[in-house]
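Okay, so here's the structure we're looking at.
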Amino acid sequence: MANTTEKGYDSGTDSLDNTSQVVRFERLTGLKGLYYHPMTQVALIGFVCFMCPGLFNALNGLGAGGQVDNTTSANANAALYATSINNVLGPKLTLLIGSTGYALYIGSYLAMNIHPNAGGFVIASGAILGICAGLLWTAQGSLMLAYPTESQKGRYIGVFWTIFNLGGVVGASVSLGQNFHSEANSVGNGTYIGFLVLTLIGVTIPLLMANPNKMIRTDGTKVTSPRQPSWKTEIMGLAIALRKDPMVILLFPMFFASNWFYTWQFNEYNGALFNIRARSLNNLVYWMSQIVGSLAIGFLLDRQGLRRRVRAFLGWGVLLAMVFVVHIWAYFYQKNYTRESLPLDAVKMDIHDHGYAGRIWLYIFCGLLDAMWQTTAYWMMGAMSNDPAKLAYFTGFYKSLQSAGAAGVWRADAVKRPFMHIFISTWVLLVAGLISMLPMIYLRVTDHTEEEEESSPHAPAGEVKA
């Protein structure tokens, strides 16, 4: 049942007219109501990412995917992150295809452990995963930002990020349990097999999700069903999205920096300094801290009683403080070692060694910063639109620029650039992203997203796609 109400703040609805009214729908109750609840569907998206990219992150968080020499891994990630495509398929199929790439990629590391000459397979599977990841993350971002109302977006992002990072927590726990009594520098086949089995389970989860065209938000507004564009329309839509909302360009430096820091954190710090037992424990607390960081910044960005622009500036201030705390702290560790001073067969730091406590706390703060950065990036995009089609373009820009940045820094690591160079570039790019974001907050973030701003790039003339 639908009823007509005066136009509210939430523009993701079917318009009765372009200026005054929206249609509000009666939501289902009981088990069906629970299944079609936006939070349930965001949770299912989170579990897809829990099993697939979450476990992938846990594996890469060991440094070089758990391998002793990270050159093969870095080359694979250059191919992986350089490839990003926008969503032109239905979200369920998109998530299904995207998740299969993670199983293949994790399987390639198992093959590398069994057959040391399988480096080509790792690189090839990384390139395939690049395509799959582009599909998965575009669908994930557009649905996660379209399902909540404007006042719920920070919390929904936080819940998604919590479930997603539980994948990293579980994966790191598996690795820690298997390697706790080991002082070696690489992981065994059992760790890879456990990761692979869990990832294959995750591939099936998109089959359980509801179709977006049946989704109704908690305020009764209906989620717009995005059209399935052709490749030509998709490419044109990217240009139209930029022309209609050029302020998103001010977020591009933030997007570009959003995965850059992983190379220093995972390879130049965790992978370079610690043995497998310490790396596994570091990995566990890193992903646990991400849960705390995402929920904390999400609740701040959704805090009632403050204007949305004020909340955006508060979030910006938290990020600025975290960037400088983490990198000033890290500098005093990084200045004491280089790539040349740490030979491949060097004895690495263990959890019982002097100085380990301070270093694991730094890694916890790295995890907090990562989660806060990604959550704020998603929230900023969500503040610009409620339309899944438009949000798909924004998340496409986000993942593409994120991929471009990560490709460059992973490649720099593969060709053995100095640790300090990679560290300083990480710090500078994060600060640049924050500076660029300031005018976007002032000029573009408003209390409510206006309906006329929500015209889809795919909509015919005169049709408003909310």
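Cβ coordinates come from backbone N, Cα and C, glycine included.
Unlike curated records, TrEMBL annotations are generated automatically.
Feature annotations, courtesy of TrEMBL:
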- 34-56: transmembrane segment (TRANSMEM)
- 93-112: transmembrane segment (TRANSMEM)
- 118-137: transmembrane segment (TRANSMEM)
- 158-180: transmembrane segment (TRANSMEM)
- 192-210: transmembrane segment (TRANSMEM)
- 246-264: transmembrane segment (TRANSMEM)
- 284-301: transmembrane segment (TRANSMEM)
- 313-332: transmembrane segment (TRANSMEM)
- 360-379: transmembrane segment (TRANSMEM)
- 422-443: transmembrane segment (TRANSMEM)
For the transmembrane segment (360-379), distant same-chain residues with Cβ under 8 A (at least six beyond the ends): 141, 144-145, 153-154, 157-158, 161, 165, 251, 254-255, 257-258, 261-262, 265, 269-270, 278, 281-282, 285-294, 296-298, 301, 312, 315-316, 318-319, 322-323, 325-326, 329-330, 333, 398, 430
When counting Cβ pairs under 8 Å to the transmembrane segment (422-443), the leader among 34-56, 93-112, 246-264, 284-301, 313-332: 246-264
Chain residues in Cβ proximity to the transmembrane segment (284-301) (below 8 Å; excluding those fewer than six residues from its ends, i.e. six or more beyond): 54, 57-58, 61, 153-159, 161-162, 165-169, 171-173, 176, 265, 270, 311-312, 314-315, 318, 360, 363-372, 374-376, 379
Surrounding residues of the transmembrane segment (246-264) on its own chain - C-beta under 8 Å, 6+ positions past either end: 60, 74, 81, 366, 369-370, 373-374, 377, 380-381, 384, 394, 397-398, 401-406, 409-410, 412-413, 419, 422-423, 425-426, 429-430, 432-437, 439-440, 443-444
Spatial neighbours of the transmembrane segment (158-180) far in sequence, C-beta under 8 Å, 6+ residues away: 39, 42-43, 45-47, 49-55, 57-59, 61-62, 66, 140, 144, 187-188, 190-191, 194-195, 198, 276-277, 280-281, 283-284, 286-288, 290-291, 294-295, 297-299, 371, 374-375
